[in-house]
Amino acid sequence: MPRLILASTSPWRRALLEKLTIPFECAAPDVDETPMPGEAPRQLVLRLAQAKAQSLAARFPNHLIIGSDQICVLDGEITGKPLTEEKARQQLAKASGNIVTFYTGLALYNSASGHLQTEVEPFDVHFRHLSEAEIDDYVRKEHPLHCAGSFKSEGLGIALFERLEGRDPNTLIGLPLIALCQMLRREEMNPLNA
């Protein structure tokens with residue numbers, strides 16, 4: 001049976017995959033994540049997830065390789081990682097009272113057979129109306145500078161929301177486990193009896 005590789009260095013994706021109790025290794029994919037001109041959010045995350053998984057095929061020739069990529073969209077615009085506190089406050093002010101959609105692309109590539117499975121999972125985050133003081137307090141307490149959308153739903157960020165809508169809450173953190181389990185079963189790797 002092929003071994004499992006997570007094409008990511010994200011500690012959040014690693015922690016999510018550990019929930020399945022299947023042994024795996026992590027490896028950093030070498031992929032240019034620059035969007036193509038006019039590329040739609042769904043197309044972008046699908047292309048990048050697939051590229052991440054396939055980029056490791058030569059290094060891991062008899063493996064199941066998981067690639068994942070996520071973007072955040074608000075008012076039709078891709079919202080990246082803020083990197084500064086000021087940008088985080090701006091992103092949260094814009095999200096206040098609005099719906100932010102996350103698109104997570106998932107790819108599972110069997111490097112032995114060349115079989116590729118892909119999926120894009122949307123997830124909507126309904127923000128409640130936030131005061132400037134709440135935004136300042138949140139950014140100061142959680143420091144979400146390396147998180148798309150400027151929040152961590154697995155932490156204090158949950159206090160920013162009115163409600164969440166999506167098939168799998170793990171999608172919001174970066175790895176849609178329900179879809180991944182379906183893909184793994186198609187490759188004869190059932191997490192329940194692995």
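Note that the numbers count up from 1, one per residue, in the order the chain is shown.
Placement of Cβ uses the backbone N, Cα and C atoms for every residue, glycine included.
According to Swiss-Prot, the active site, proton acceptor annotation covers Asp69, on the basis of sequence analysis. Summarising the environment of Asp69 (active site, proton acceptor), the number of other Cβ atoms within 10 Å of its Cβ, over all protein chains shown, is 25. Taken residue by residue with DSSP, Asp69 (active site, proton acceptor) is part of a strand.
What Swiss-Prot lists as site 'Important for substrate specificity' is Trp12 (among others), and the listing cites sequence analysis. Taking the Cβ of Trp12 (site 'Important for substrate specificity') as reference, residues of its chain lying under 8 Å away and at least six apart in sequence are, in sequence order, Glu154, Ile173, Gly174, Leu175.
Residues or ranges marked as site 'Important for substrate specificity' by Swiss-Prot: Gln70 (among others). Annotation for Gln70 (site 'Important for substrate specificity'): same-chain Cβ neighbours under 8 Å, separated by at least 6 residues, are Val45, Phe102, Tyr103, Thr104, Gly105, Ala148, Gly174.
Other C-beta atoms found within 10 angstroms of the C-beta of Glu154 (site 'Important for substrate specificity') number 16, with every protein chain shown included. Taken from Swiss-Prot, the feature site 'Important for substrate specificity' applies to Glu154 (among others).
Following the DSSP three-state reduction, the secondary structure of Glu154 (site 'Important for substrate specificity') is coil.
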